[in-house]
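Annotated features in TrEMBL:
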TRANSMEM  12-31  transmembrane segment
DOMAIN    13-65  domain 'YiaAB two helix'
TRANSMEM  43-63  transmembrane segment
TRANSMEM  75-100  transmembrane segment
DOMAIN    76-128  domain 'YiaAB two helix'
TRANSMEM  106-123  transmembrane segment
Amino acid sequence: MNQATTQQPSFAFIAASWAALLAGVVAYLLGLWNAGMQLNEKGYYFTVLVLGLFAAVSLQKSVRDRVEGLRVTGIYYGLCWIATLLAVALLGIGLFNATLAPSEKGFYGMAFLLALFGAIAVQKNTRDIQAARPEFRDGEALPPLQE
């Protein structure tokens with residue numbers, strides 16, 4: 001495993017990452033809530049958002065693991081890329097075929113991409129903080145609690 005020194009992200013970058021994630025997700029969900037579309041359409045767009053967020057975080061983690069020299073199977077790495085691209089494609093196809101105003105289509109697309117960017121940045125910050133504080137690495141035993 002590569003033991004590169006990782007600098008802890010600044011508070012401003014952590015806050016901006018969380019703000020981007022929350023702004024994207026909240027805007028997207030508020031748009032869905034107020035939309036005059038059928039419930040099955042709302043469910044489709046919600047599912048695409050959840051798939052996209054999970055896929056983006058999983059992709060960021062697998063890319064970071066490979067950079068740090070941790071083993072990531074090729075099939076998992078490929079599935080992460082496929083799931084991320086599929087989520088973006090499903091949103092694009094859904095919006096292309098939707099009977100929404102172009103401004104609404106742009107709103108959903110931008111809110112979706114902002115949410116994905118925020119999720120990736122929050123995951124990156126989580127890994128950077130973990131690397132900067134070596135006493136709490138995954139897979140290592142925590143010190144026993146004193147009674």
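Along the chain as shown, the residues are counted starting at 1.
Heads up, the Cβ atoms here are built off N, Cα and C, so glycines get one too.
Mapped onto DSSP helix, strand and coil, the domain 'YiaAB two helix' (76-128) counts 49 helix, 0 strand, 4 coil. Under DSSP, the residues of the domain 'YiaAB two helix' (13-65) split into helix, strand and coil as follows: 49 helix, 0 strand, 4 coil. Mean pLDDT across the domain 'YiaAB two helix' (13-65) comes to 94 in this model.
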